[in-house]
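Participant: Dumping the structure here so I can ask a few things about it.
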Amino acid sequence: MKRILAALAASAVLAVPGAALAQDKVKACFVYVGPKTDGGWTEAHDKGRLFVEEQLGDKVETAFVENVAEGPDAQRAIERFARADCDIVFTTSFGFMDATLAVAKRFPDVKFEHATGYKTAENMATYNSRFYEGRYIQGVIAGHMSEKGEAGYVASFPIPEVVMGINAFMLGAQSVNPDFKLKVVWANTWHDAAREADAAKALIDQGVDIITQHTDSTAPVQVAAERGIKAFGQASDMIAFGPETQLTAIVDTWGAYYVKRIQAVIDGTWEPGAIWEGLKEGILTMAPYTNMPDDVKATAEETEAKIKSGELHPFTGPVNRQDGTPWLAEGEVADDATLLGMNFYVEGIDDKLPN
Amino acid sequence: MRIELVKRPQQSVLFSVLSPFIALALTLIAGALLFLLLGKDPVNTLYVFFIEPLRETWSLHELAVKAAPLILIAIGLSVCFLSNNWNIGAEGQFIIGAMAGSILPVMFPDFQSWIVLPLMLLMGIAGGAAYAAVPAVLKVRFNTNEILTSLMLVYVAQLFLDWMVRGPWRNPEGFNFPETRSFHEYAILPEIWSASGRAHWGFIFGLVAALALWFMMTKTLRGFEIKVLGQSPRAGRFAGFSQGRIVFFAFLLSGALAGLAGLSEVSGAIGQLRPVISPGYGFTAIIVAFLGRLNPLGVVAAGLVLALTYLGGEAAQISVGLSDKVVRVFQGMILFFVLAGDTFIHYRIRFVSAPAAAAGEASRANV
Amino acid sequence: MFEAILITIATAATPLLLASMGELVVERSGVLNLGVEGMMIMGAVTGFGVAAMTGSAWLGVFAAAIVGTLFSLLFGFLTLTLVTNQVATGLSLTLLGLGLSSMIGESFVGRAGVRLGALDIPYLTEIPYIGRLIFGQDPLCYISLLLTAGVSWFLFRTRAGLTLRSVGDNHSSAHALGIPVIRIRYLAVMFGGACAGLAGAYLSLVYVPQWVENMTAGRGWIALALVVFASWRPWRVLAGAYLFGAVTIGQLHAQALGYGIPPQLLSSLPYLATIIVLVLISRNRRLTMMNTPASLGRPFVPDR
């Protein structure tokens, strides 16, 4: 489409509005921070890309670059896509934010979508997934399943996203067992299988009987399986690594979102904005509830349904901060801005937040 | 049959010119085979890899952005290595230099004046040099192996940056995300020719440093001192050169340049500090230093070539669908060919069958 | 719980011990191979792949050692035969290894692997408190301990070990005495490759039986540090590896107990400790000189 137009106009205009000729292929491009076979974050996005190809077929063409370092390398990769006739570019790491914005300003006719950030522009949207909804369900399950009433959390880095997840898990567990305890270990990595395994072992040796993780590798699930301890998967269904111990997993299903957004580009209805979707929209799904009694499974499904219908918001008061001061009053629901910048624990967590 | 190396009495001029081409030819052949095996059109892939990135102005700018830190670091390292000091911690000095220079825009964002950038550059240089002084002091005072101490300090620097950016230096308006506030306009290293791309002055610093150090190494007594002490400490001592002083000089120089590289990167290319500011430039620069044969001018060429392989690798991912893994393997192959090719400068290679070799030895013994 | 912690420490220490024991022999022969990380990751991907395809973890271990050796031969050919710079060649080997392993391992991602089972001796393993610690570890853990004893005995009690050390201390005089310097260095480099391969296999067959890209995550570099930390003495390498393992595991437990120490500070402790130990051991010049291979990193070409 673009080439034809460029030839017709014989001008240097590189990009034209994507809606101009709907019957032509739209080119959707993806910039990944890790290898597309990392078994976690990036692989989930790449599955989303493949889902797009499957769903939209002839209407779309996709391309990707993997293992792009944050910083100047990212800006170059994004600009290359903008110059390579991409109609929409998805950049899938928080650290790509400023690079995406810089390129977006220079290529007003290309659309950009940046995952997990907070800066937007005329032609740049941000998108994110309400992972905390899944973590709340996990917490509810843990509250029922843990005999000792104590879970272990293998965490990556103390950024708002992770802190929010820990709090959601805890609130879910407390909704079942008000005395629930949670131990947190910061592995200080997103992806170091051996180190994550060490962290899980340390937690188990300290006596927790349920493991959950906010790091990317399957190691914690695998270690838990070896020790006969129940665990939750992360980013993808990790049942292969714990067939008898995985309770459920938060599965990132970006594909549904990508299809919707690329279809909007085809239809000419694409709008920028800060988009934060959840279980209801299908940007994340729960892996099958396994290895638990039927009543717990029923509770989990019920919780999921309530979150989907909007009847239940995980961060609903009364909730106190870790030091006991009130945060949310009875019935009050946390606003998105506070959640996205969360840097405090809720009451009951047995850890001191670093920094 | 075995391979035998015979040292040339003098460096072969022919081969110092020829060896890069031999390496290039081998790379092209091996690359073509590799791509053919993977079912890609070899000619087109090689074209995308090596030529396409050079065809557009913006891409040339990107080449300069990518090469700038590599060149700056590798120039300092080449002098350091020539003096027989093994600073492999340039990555850490890069980080500390960047952090030292960032003190102004991060901690004193209201201090906005034209003087900020020059101060930042000086602080970056001082920071890198100071961090490199640690292994130098340990080596001179306690005879501690500098390869290991400088390497260990890399990890410490990485973790220190990580902690600062996630903690004390976190952007107060950044929703608690791990990055500092963006540098204000006076703290940004300007672009060379901003109308056509974003190459910044770091690249110019690299070229100037290369010329300066080339001059020092070939025309000054200090350069001579470095080479003598590097090749034979004993001879150097007889000539009255101080080993300790050269250790400091080599480390401070390479640290200062690494620090300048770090500062240029954050102030020219990134515009803020983040938990990771270098995809391993300090280590890649070691390879660049050797590819450039420890010659400051050679380093410039080597830095550009290595930067080209990164750009080409990306281009090949996008337009040919070559996997990032293949790109990295291909890069590894290039390095090996170039390293091996340089052998011919210093040595002749003979293929000898075992008895003949024995006979040769015998005849030599008689002489 | 104490026993369990000690077992995890042994698991954390074993891959480091294996890789550094190999590198120790390489460095004792006067060669500095910075490609440990690359050889290790090749061992990890080979070990996982072969074990997954054949179903036998032992075949995986065996194959990993062979591939580690072959990969080290590439380094050997360049640095020993073609006399390229060892530092640059070692670094390039690491880059190549990381790339090649992820290329080979692309189809292994997300598959649960085969685990190399732990030892289980009736009665002995069931002794309370110490049974599992002494009699219930994985076989490679015992092999790494035997390797330490073997290397120590070889280097300091055998004639061949003396020869190897003499090559590392002064290759010119060793050559003058008629010792085949290059051949000995080749053998040492190959031994180092095999050990690094085993260390990699340990990661993907015992530590976490799965394949993950870049799963060595810098452990090859730590192994290099340990060799110098131990001033090229095998038993000190053993002590260093276990100390490092203890610090790594200990900080995770400190966190689980709720001590809010910045994880970055804890993570940097082992490196700072290495520097301090390096300073302490190298203050005594005579002692360092005795242990440090004087020709370390220097190229050797028979001078005629």
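Using N, Cα and C of the backbone, Cβ positions are placed for all residues, glycine too.
Just so it is clear, the model here is predicted, and its values are computed rather than measured.
Take a look at what TrEMBL says about it:
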TRANSMEM  B:12-38  transmembrane segment
TRANSMEM  B:58-81  transmembrane segment
TRANSMEM  B:88-108  transmembrane segment
TRANSMEM  B:114-134  transmembrane segment
TRANSMEM  B:146-165  transmembrane segment
TRANSMEM  B:199-217  transmembrane segment
TRANSMEM  B:246-264  transmembrane segment
TRANSMEM  B:276-292  transmembrane segment
TRANSMEM  B:299-320  transmembrane segment
TRANSMEM  B:326-345  transmembrane segment
Participant: Under 8 angstroms for C-beta pairs, at least 3 of them, ignoring pairs fewer than 6 apart in sequence. Is the transmembrane segment (B:246-264) in contact with the transmembrane segment (B:326-345) by that rule?
Facilitator: no
Participant: Take the C-beta pairs under 8 A between the transmembrane segment (B:276-292) and each of B:12-38, B:58-81, B:88-108, B:146-165, B:326-345. Which stretch has the highest count?
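Facilitator: It is B:58-81 that shares the most Cβ pairs under 8 Å with the transmembrane segment (B:276-292).
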Participant: Six or more residues beyond either end and a Cβ under 8 Å away: which residues meet both conditions relative to the transmembrane segment (B:114-134)?
Facilitator: 87, 89, 92-94, 96-105, 149-150, 153, 157, 186-189, 248, 251-264, 267
Participant: Would you kindly list the residues that approach the transmembrane segment (B:88-108) from elsewhere in its chain, counting only those six or more residues past its ends and only Cβ-Cβ distances under 8 Å?
Facilitator: 69, 73, 76-77, 116, 119-121, 123-132, 135, 147, 149-158, 160-161, 164, 169, 180-181, 183-184, 187, 254-256, 258-263, 265-267, 273, 277-278, 280-283, 285-286
Participant: Between B:58-81, B:146-165, B:199-217, B:326-345, who has the most Cβ pairs under 8 Å to the transmembrane segment (B:12-38)?
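Facilitator: Highest pair count goes to B:326-345.
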Participant: Grab the same-chain neighbours of the transmembrane segment (B:58-81) for me: Cβ-Cβ under 8 Å, and only residues 6 or more beyond its ends, written as numbers and ranges.
Facilitator: 52, 87, 90, 94, 192-193, 196-200, 202-203, 205-207, 209-210, 213, 216-217, 226, 230, 250-251, 253-258, 260-262, 264-265, 268-269, 278, 281-282, 284-286, 288-290, 292, 294-296, 299-300, 302-304, 306-308, 310-311
Participant: Report, as numbers and ranges, which residues of the same chain sit near the transmembrane segment (B:199-217): CB under 8 Å and 6 or more residues beyond its ends.
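Facilitator: Residues 60-62, 64-65, 67-69, 71-72, 75-76, 78-79, 82, 189-193, 223, 226-227, 257, 260-261, 264-265, 268-269, 295-297, 299-300, 303 contact the transmembrane segment (B:199-217) from elsewhere in the chain.
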